[in-house]
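Trainee: Pasting in a structure now, in structure tokens, and then I'll have a few things to ask.
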Amino acid sequence: MQRVFSGIQPSGVPTLGNYLGAIRNWVPMQDDHDCIFCVVDLHAITVWQDPKQLTQQTREMAAALLACGLDPRKCILFVQSHVRAHAQLAWIFNCVARLGWLNRMTQFKDKAGKDRENASAGLYVYPNLMAADILAYHATRVPVGEDQKQHLELANDIAQKFNHDYGVTFFPAIEPLIRGVAARVMSLRDGTKKMSKSDPSDQSRINLTDDPDTIALKIRRAKTDPLPLPEHVSGLEGRPEARNLVGILAAITDTLPENVLREHGGKGFAQFKEVLAEALVAHLSPIAAEIRRLLADPHAIDAALHAGAERARAIADPIVARTQEIVGFLPER
Ligand code: AQP
């Protein structure tokens, strides 16, 4: 079985974007892949995180992943900082990756914004840690969205350079794993920006923990344009907010945007938003209820994560020990 690795940052409550773009697609992979899923807290602190909130968000993220269907009997689920191998291998990769490679990463440019001098060094070397996350397990398949493809190419460059420089065939090639239509969900306030858990406006996103009234209100207030819905997908051209809402209904009801428009084309947004809110509430309410149930027992969540970390260490520690040996570090014992 191919080994899959994927991670998600505990940088806020998981959103509908995280769910439709990533988490929902991870669930079926557990049946035909050797899956390792990680709450990547080391990545989260590349931008400021309030310590108390980070602890809470890490548990919430784990609860959300379990509530969405990740099953510790079928996959390994753990927190990144609990497995030292990630940071150990990332340091070695900091010494393999070239500055020129990192300078080309568009996500750094986006996240650092204009005040680049003030961005953390961690944000800059984020892709090296991501390479370490994957290669510490010799994982060969990584489910990624379009935005992460560049980081995956960099991980492959690091693996190849390491193998070449040390004259070994140790790290495998990594391939993106694309399953079904990975939905890209945009902000409810601006159809040209992606929905993000760290967006300052809570109105810009649907959180997996939102109650039905909040979901309905956020959808009702979602930005739209004055025209009715078009009859065909071509009519969504230049209408990012309309495209986003149609895309969300299509993804949540497992259909294509053209089918949504066949049924709802010509309607006004007030009517369409009611249908969309109802579909979202029906789909997300059981998940929110399960998150609440799991969070009522934080010790059980921590215990599941500790057990996951132990299984992760059993795979990663020997790979990192061998990497250190290849590099020429004096053996620890
Ligand atoms: N809006 C989105 N639509 C589709 N997929 C999305 N993902 C994130 N936002 C959307 C996918 O979720 C996975 C985990 O993401 P992450 O937590 O590692 O970081 P991110 O992509 O930066 O997600 P956020 O929510 O925007 O977090 P912050 O606000 O901390 O930056 C990834 O597979 C991602 O593609």
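Every residue, even glycine, has its Cβ placed from backbone N, Cα and C.
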Trainee: For the motif ''HIGH' region' entry in TrEMBL, name the matching range from 10-18, 109-117, 235-243, 262-270.
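Mentor: Within the set 10-18, 109-117, 235-243, 262-270, TrEMBL attaches motif ''HIGH' region' to 10-18.
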Trainee: Taking the Cβ of Asn18 (ATP binding site) as centre, how many other Cβ atoms lie within 10 Å?
Mentor: 25
Trainee: Take the C-alpha atoms of Lys197 (ATP binding site) and Asp133 (L-tryptophan binding site) and report the distance between them in angstrom, rounded.
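Mentor: With distance taken Cα to Cα, Asp133 (L-tryptophan binding site) is 22 Å from Lys197 (ATP binding site).
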Trainee: For the motif ''KMSKS' region' (194-198), what does DSSP give as the number of helix, strand and coil residues?
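Mentor: Split by secondary structure, the motif ''KMSKS' region' (194-198) comes out as 0 helix, 1 strand, 4 coil.
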Trainee: Select the most exposed residue of Asp133, Glu146, where exposure means the fewest other Cβ atoms within 10 Å, treating these as the binding-site residues.
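Mentor: Sparsest of the binding-site residues Asp133, Glu146 by Cβ contacts within 10 Å: Glu146.
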Trainee: Mean pLDDT for the motif ''KMSKS' region' (194-198), rounded to an integer?
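Mentor: Average per-residue pLDDT within the motif ''KMSKS' region' (194-198): 93.
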Trainee: Count the residues of the region 'Disordered' (190-209) that DSSP assigns to helix (H, G, I), to strand (E, B) and to coil, and report the three numbers in that order.
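Mentor: For that range the per-state counts are 3 helix, 2 strand, 15 coil.
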